[in-house]
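Since the structure comes first, as C-alpha cells, the remarks are kept for the end.
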Amino acid sequence: MWEAETYDVLFSEMNGTGNLMDFLDEPFPDVGTYEDFHTIDWLREKSRDTDRHRKITTKSKESYWELIKSLLDAWSGWVVMLLIGMLTGTLAGVIDLAVDWMTDLKEGVCLSALYYSREQCCWTSNETTFEDRDKCPQWQKWAELMTGHSEGAGAYVLNYFLYVLWALLFSFLAVSLVRVFAPYACGSGIPEIKTILSGFIIRGYLGKWTLLIKTVTLVLAVSSGLSLGKEGPLVHVACCCGNLFCSLFSKYSKNEGKRREVLSAAAAAGVSVAFGAPIGGVLFSLEEVSYYFPLKTLWRSFFAALVAAFTLRAINPFGNSRLVLFYVEYHTPWYMAELVPFILLGVFGGLWGALFIRGNIAWCRRRKTTLLGKYPVLEVIVITGITAVLAFPNPYTRRSTSELISELFNDCGALESSQLCDYVNNPNMSRPVDDIPDRPAGPGVYSALWQLALALIFKIVITIFTFGMKIPSGLFIPSMAVGAIAGRIVGIAVEQMAYHHHDWIIFKNWCRPGADCVTPGLYAMVGAAACLGGVTRMTVSLVVIMFELTGGLEYIVPLMAAAVTSKWVADAFGKEGIYESHIQLNGYPYLDVRDEFTHRTLATDVMRPRRSEPPLAVLTQDSTTVEDVETLIKDTDYNGFPVVVSRESERLIGFVQRRELTVAIKTARQKQDGVVSSSVVYFTEDNPQVAEACDPQPLKLRRILNLSPFTVTDHTPMETVVDIFRKLGLRQCLVTRSGRLLGIITKKDVLRHMAQMMNQDPESIMFN
C-alpha cells in the first residue's frame, strides 16, 4: 500500500551474458495477489488499474475491435451493478417470503395451501368476515388441527410445546449448517465487511458457499423467533453477490482495490432491499461501511440500489404493492412541545446503545475465552429455548419482530382491532374516519402497556446474549423493536396527559379538547431511530432509512433530534459503535478514520526494530545469494524486505514483497538455466556480469523491486504518520534519516501504538 508499482524496461543487450534470461519478461502467475489475513496495497492496486486503463486506451486507437473491447470494459462496471441488484433483490424477496411462512408455521398451518403464510391464507379465504377479520377458517393452529379443540388449557399447552419445538428445530438446523458448511456465515457480517472494505483479505468470507448457507440459515434463524433481524446479514449476502460477479470480469477479479469499489456498491444494494430504502442504502454504505468511496462508486451504488429495489418491488413479498417494510400514514402534524419527549427518547436510545455494546462485548469476550465458545450448538439451543419459552405467553413477543414494529408504528384508525387501539369511544363523535380525536384509554390499552413493558425488559436482556452467536444475526430490527416499544409507551403516556390535562400550559396552545393532538405511533418511530442510532452511531443514513422505511417524510426533524441526541449520549460512554467494538474484539487491523490521535509521539518511538530487538532484516542490491534469500523467507514472516546498497551504508534502494520474491525465485529455478542456491540476486539497474564460466548464473530481480516505497523521517510526528496510513491506505512505511534506513512501521504497529496510548491491550491486534 505504500507505493506505486514501478517496472524497469527490460535490457536488450546481454554484455557477454548470453545465457542470462530475464524470465520476468512475462508476468508470473500469482504475483500481485495477497495472502489470507493480510492487508492489500491500495496505492499499488490503483497504479495497476491506471496502467491497465492506459494500455486499453492506447490499444483502442489501433482497430475497431480494440475500440469495442474498450467500450465493453468501460460498461462492465454497470453490468456488474445490474447483476448484483437483480440477484440481491431476488434473494431478499425469497428470504422475506420464506421467513413469513416459516414464522407462521410455528403456530399453525394453512389447510388450503401448505405453502401459504397466515396472511396469504386469509387473503384467499372467502369465509372471512369483517367482524372476525383476525380469524379465518382456512388457517388452523396446531392444537385445533390435531385435537379439534382451539380453546382450553390442553390446546394452549400443545400450541406452546409445538411453538418451542419448531423454534428449537429451526435454530438447530441453522447452527448445524453454519458449523459444517460455512463457518463464515454466522453473525451480522458488517464488522467483517467494514474490515474487508478497508483493505483486509479474508478468503472465503464472500464465497459461494457462504452466500448459499447464509441465505438458507438466515431464514431459519429469523423464523426461530430469536431476537435478531435479517437486515445486517442481507448486507453480507449482497457483498457475496458482488464478489461472485467480480470473478466474471478480470478488471475486478485481478485488482483488489477495484473489487472493493464493487463491494461498497453491493452493501448499498443490501440495505436497499433490507429496508426498501435505496437512498438510505447508498448513504449507509458511504457513512458506515466504506473506507474508500470515490464519486464513481457513489453513482454505481445508486444504480445497484435502484435495481435491487425495483427487483424486490416486482416480487412484492409484503403483498401491499409497496417497497417499504413499515408504511405509515399519520394525519396529525407534530408540535414543538413534543421535541422534549422526542429528545428524552434520544437519551434512552443512547443509554440503551451504551448498555448493549458493553454487555454484548463482555458476553462475546467471555464466549471467546471460556469453554462456552467450544459449544456453539448448545449455546444456540439454550438461548433459543429460553427465548421461545419466555416469548410465547406474551402476544407482543410471540409474533415476529417485524410484525411487532409494524403494529407499534401504526396509527389507531377506526378499523383497527389491536389492543393498543382499545380506546373509549364517544358515541356522539361525528368526525371523519382519518381524524379521530384523542380519547381516554380503555382496559385493552392498559393491558397492552403492561405486556409491552414486559416485552421491553425481555428484548433488552435477550438481545445482548443473542447477537454474536454462531448463526446469522442482524441487529437493526431488535434495536428498533426496543426503541419502538419504549416510544409507544411514552407516546400513549403523552397522549393521555394531553387528554386529561389539556388545560396545562404545555398543552394549552396546541391541544384543544376534542382534537387529535398526539400520535403514539410517531413516538414509536422516533424511539426506534434513537435506539438504532445509539447502537450503531449512524446519523444521516439512519434518518433517511427511517423516513424511507415508513414514508413519514414530514417527521424528519423529530427523527434528526432523536438520532443526534442518542449519538451524543452514547458517545459519552464510548466512541465505538457495535460494529467497531466487534472489530476490536476480533483484532482486525481496521484503522477507523473517525478515531483521533492527539499524542505527541514520533515515528522513531513506534518503528521496529526496537533497541532490544535484532536488526532489521534487509536484502542488499548485489551481494545476497538465492540461498540467503530463501533462508530469510523461511526464518521470518515479514510481508516484505527493504533493499539497501550494502549493510554498511544501509542506503535505501527500494522494497520487495515477500510473496513476489518467493514466486520469482521459484519460477527462476524452474525456467532459468544455471540458477542455483549460490546464484547472486541482483536488484541493480546494470546488467550483472558473470566473472568466470564456472560461476553460477546471476538472478536479476530488479523488476519486482518497488523503487518508490513510502518513507518518513524518524522525527515525523505519529499524528502525521497515522493520517498518512488512513488516507493513503498504507500497508507499511519505511523510516529513514538522510537516506539511511532506520526501521519500518506497519499498519499493525500503528494500531498497537494507538491501543497502547488509549490504555488498551496492544496484543489484541492480531493481524497485519
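Every residue gets a Cβ built from N, Cα and C, even glycine.
Please treat TrEMBL annotations as automatic predictions, because they have not gone through curation.
Averaged over the domain 'CBS' (607-671), the predicted model reaches a pLDDT of 89. For 607-671 (among others), the entry in TrEMBL reads domain 'CBS'.
For 705-763 (among others), the entry in TrEMBL reads domain 'CBS'.
The transmembrane segment annotation in TrEMBL covers 75-99 (among others).
Per TrEMBL, transmembrane segment is recorded for 160-182 (among others).
Tertiary proximity for the transmembrane segment (202-222) is limited to same-chain residues at least six positions away from its ends with a CB under 8 Å from its CB atoms, namely 36-37, 91, 94-95, 98-99, 102-103, 170-171, 173-175, 177-178, 181-182, 184-185, 189, 192, 195-196, 228-230, 233-234, 236-237, 239-244, 263, 400, 471-473. Annotation source TrEMBL lists transmembrane segment at 202-222 (among others).
Away from its own ends, the transmembrane segment (262-286) comes close to residues 77, 80-81, 84-85, 88-89, 92-93, 193, 196-197, 206, 230-232, 234-239, 241-243, 245-246, 252, 292-293, 297-298, 300-309, 311-312, 322-325, 476, 538, 540-541, 544-545, 548-549 of its chain (Cβ-Cβ under 8 Å, at least six residues beyond either end). According to TrEMBL, the feature transmembrane segment maps to 262-286 (among others).
Long-range contacts of the transmembrane segment (298-315) within the same chain: residues 77-78, 81-82, 84-86, 88-90, 92-94, 97, 238, 261-262, 264-266, 268-273, 276, 278-279, 281-282, 285-286, 323, each at least 6 residues beyond the stretch ends and with a Cβ under 8 Å from a Cβ of the stretch. The annotation transmembrane segment is assigned in TrEMBL to 298-315 (among others).
Same-chain residues lying 6+ beyond the ends of the transmembrane segment (335-357) with a Cβ under 8 Å from its Cβ atoms: 460, 463-464, 479, 482-483, 486-487, 490-491, 494, 506-507, 509-511, 517-518, 523, 526-527, 529-537, 558, 561-574, 576-578, 581. Residues or ranges marked as transmembrane segment by TrEMBL: 335-357 (among others).
The transmembrane segment feature in TrEMBL is assigned to 377-396 (among others).
Cβ atoms under 8 Å from those of the transmembrane segment (448-468) belong to residues 187-188, 226-228, 352, 355-356, 359-360, 363-364, 367, 383, 386-387, 390-391, 394-397, 404, 418-420, 422, 475, 478-479, 481-482, 485-486, 488-489, 492, 578, 582 of the same chain, restricted to positions at least 6 beyond its ends. Annotation source TrEMBL lists transmembrane segment at 448-468 (among others).
Among the features that TrEMBL reports, transmembrane segment is placed at 475-494 (among others). Counting only same-chain residues 6+ beyond the ends of the transmembrane segment (475-494), those with a CB under 8 A from a CB of the stretch are 188, 227-232, 274-275, 338, 341, 344-345, 348-349, 352-353, 356, 396, 401-402, 404-405, 408-409, 420, 441, 445, 449, 452-453, 455-456, 459-460, 463, 466-467, 518-532, 534-536, 578.
Within the chain, the transmembrane segment (522-547) has long-range Cβ neighbours (under 8 A, six or more residues past its boundaries) at 271, 275, 277, 279-281, 283-284, 286-288, 328, 330, 334, 341-342, 345-346, 348-354, 356-357, 405, 408-409, 475-476, 479-488, 490-491, 494, 553, 555-556, 558-560, 562-567, 569-571, 576-579. Annotation comment: TrEMBL describes 522-547 (among others) as transmembrane segment.
When Cβ-Cβ distances below 8 Å are used as the criterion, the transmembrane segment (377-396) is approached by residues 160, 163-164, 167-168, 171-172, 174-176, 179, 224-227, 367, 404, 448, 451-452, 454-455, 458, 462, 465-466, 469-471, 485 of the same chain, each at least six residues removed from its ends.
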